[in-house]
Amino acid sequence: MSIAVTQASGTLTAPATRGLVEIRGVSKSYAGHEVLHDVNLTVQPGEVVAILGPSGSGKSTLLRTINHLESVDRGWVTVDGELIGYEQRGDRLFELKEREILKRRTNVGVVFQNFNLFPHLTAAENIAVAPVALGRLGKSDARELALGLLAKVGLADKPDAYPRQLSGGQQQRVAIARALALQPKVLLFDEPTSALDPELVGEVLDVIRDLAKLGTTLIIVTHEIRFAREVADRIVFIDAGHVLEVGPPEQVFGSPKHPRTKEFLGRVL
Amino acid sequence: MTDTVKEHRSAAPTEDSSASRRDVNQVVNRNSPDFAALKVVHTRHVVRWIFGALVLFVVLQFLWSLATNDKYGWPIFATYFFAPAIIKGIQLTLALTVVSGTIGFVLGTLLALARLSKSPILNSVSWSFIWFFRSVPLLVQLLVWYNLGYLYPRLGLGVPFTDNYFWSFDTVTLVSQFAAAVLGLSLNQAAYSAEIIRGGILSVDQGQLEAAAALGLPRHVRVLRIILPQAARAILPNAFNEIIGLIKGTSIVSVIALGELFYVTQVIYNRNQQVIPLLLVSVVWYIIFTTVLSVAQFYVERHFARGALRVVPPTPIQAARGWVKTQWARLDEKPETPEAPTTRIGGNGS
């Protein structure tokens with residue numbers, strides 16, 4: 001099974017030269033409780049970054065700021081130099097209109113923990129709905145794209161199944177195909193395997209592994225430590241809203257610098 | 001488990017041949033009988049059948065009285081059932097229902113969306129609308145709309161806060177009887193359906209909104225393609241309640257002398273004193289409308305159940321056929337088990 005983000009025509013379009021994510025000084029509070037504190041992180045185009053940390057450490061919130069599902073209180077996020085949620089004109093930052101936010105969002109695909117497939121649409125319709133709604137493809141082209149993507153995630157025989165008729169692992173693979181349909185520069189995974197039976201985790205990780213080889217920028221929040229070690233170029237460890245450690249897996253897992261990282265890894269490994 | 005089988009085997013090795021058709025590797029206690037081979041006799045629901053028969057008796061008694069009590073005046077009922085005046089009244093009733101229902105639900109959807117929007121102004125305007133139209137009795141609303149010309153003799157565009165019009169209309173000609181009825185019914189309907197639709201929208205999982213937003217879907221696509229079809233499942237039962245309520249509720253506009261079904265019926269029985277037969281005429285028509293709507297409701301709900309259920313429920317006809325089939329099949333079950341087969345159960349018995 002291998003993944004290629006293809007148009008209906010079949011050309012490969014995932015150049016490794018795009019998908020640079022910069023996060024600078026991002027802070028975020030909910031009702032006085034700081035969930036993110038001055039977070040700085042640069043993700044290179046085509047890089048695979050795994051974000052680890054205990055529950056409630058702010059990893060999901062950080063992920064969600066990257067496509068503006070969550071606004072930030074301070075700091076900024078850019079994808080390929082484009083600010084998320086704002087636009088610079090002179091020395092001012094203007095809040096973007098919803099239409100612009102939506103347009104920029106299509107550069108960043110999201111795969112959710114609970115899949116969030118649209119239950120009243122079939123697998124193929126779930127994938128085709130966004131390219132059609134955004135006017136990128138006609139209905140039949142979008143259907144063809146959907147069938148192609150379903151084949152890539154190993155579900156060529158399920159285009160007309162409703163999500164509830166699929167297993168968790170199959171649903172998550174449809175969700176990944178749906179995120180790929182817009183050919184995003186960056187893909188965000190928010191604990192993609194946490195809602196799955198242990199048996200089904202593997203099939204989803206296989207798909208992500210293939211994506212990683214392809215050169216799309218991937219940012220993965222996960223609890224699958226072994227998977228992170230295998231697939232990630234860099235590991236980011238977050239605790240209580242602070243980025244405590246960033247580095248290649250060998251270094252973070254082999255010789256963690258921060259005592260908190262040591263403690264966390266000691267418990268989960 | 002394994003232990004018992006081992007013991008058993010060593011204790012009675014001669015019986016091995018009788019069990020030879022079973023898989024040798026399977027762990028089977030040969031003392032336990034093969035229940036799968038036995039025939040199932042279903043429980044007889046005696047009390048259920050007795051009460052069913054009692055209820056059936058009461059229903060039949062009532063139907064018999066309907067047919068034989070000549071005070072119901074069925075011949076008169078028959079002469080008026082398709083009378084031109086009644087048919088005209090029906091047309092008006094249906095027109096009022098369709099127009100007010102459509103306006104009511106479209107406006108209700110907008111009110112529900114306004115109520116859920118982030119704008120505090122839209123939000124409070126919507127809240128106030130719903131609050132007001134649910135507070136004032138429909139009867140009063142209808143009378144006020146009908147007599148609007150008394151409050152505002154002319155309606156039009158002009159300099160705000162003055163009586164200088166550039167362009168205006170006589171209120172009485174603008175707001176006819178029919179318009180007054182439609183205004184009253186549809187604004188009232190909008191207030192109620194807004195809350196029903198809002199409830200439906202709230203029942204859709206928050207994750208659906210996030211997923212739709214993350215895909216960059218424009219707002220109208222999110223509402224029309226993602227949210228409302230899912231909300232429909234929660235909205236539909238209440239919405240059909242409202243439409244059925246509305247079709248009968250139109251009879252309230254008889255207070256402004258609009259000739260819909262109920263008003264026509266009243267006019268006729270006031271003239272010929274045949275109250276019961278004429279009331280029956282309108283009742284039977286209302287029953288027909290409600291029946292059609294109820295059947296439509298079933299199929300519309302079934303349509304929107306796709307994706308929400310793994311298997312769509314059978315239609316009533318399918319269900320009834322299935323029920324008769326099971327009951328028929330159970331008829332030849334013997335309630336008392338004959339003694340002979342019991343000996344076959346145990347392994348030791350043979």
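Glycine is treated like the rest: Cβ placed from N, Cα and C.
Annotated compositional bias 'Basic and acidic residues' per TrEMBL: B:1-10, in sequence order.
Feature annotation from TrEMBL assigns domain 'ABC transmembrane type-1' to B:90-297.
What TrEMBL records for B:1-23 is region 'Disordered'.
Taken from TrEMBL, the feature transmembrane segment applies to B:46-66 (among others).
Same-chain residues lying 6+ beyond the ends of the transmembrane segment (B:86-113) with a Cβ under 8 Å from its Cβ atoms: 80, 126, 129-130, 178, 181-182, 185-198, 201, 223, 228, 239, 242-243, 246-247, 250-251, 253, 258-265, 268, 281-282, 285, 289. Look at TrEMBL and you will find B:86-113 (among others) tagged as transmembrane segment.
Residues annotated as transmembrane segment in TrEMBL: B:125-146 (among others).
Taken from TrEMBL, the feature transmembrane segment applies to B:243-263 (among others). Beyond its flanks by at least six residues, the transmembrane segment (B:243-263) meets 86, 88-90, 92-94, 96-97, 100-101, 104, 138-139, 142-143, 146, 177-178, 180-181, 184-185, 189, 282, 285-286, 289-290, 293-294 of its own chain at Cβ-Cβ distances under 8 Å.
Residues 71-74, 76-77, 80-81, 86, 90, 94, 236-237, 240, 243-244, 247-248, 251, 261-262, 265, 268-269, 315-316 of the same chain lie 6+ residues outside the transmembrane segment (B:275-300) yet bring a C-beta within less than 8 angstroms of a C-beta in it. Taken from TrEMBL, the feature transmembrane segment applies to B:275-300 (among others).
A Cβ distance under 8 Å defines the sequence-distant neighbours of the transmembrane segment (B:46-66), meaning residues of its chain 6+ beyond its ends; these are 72.
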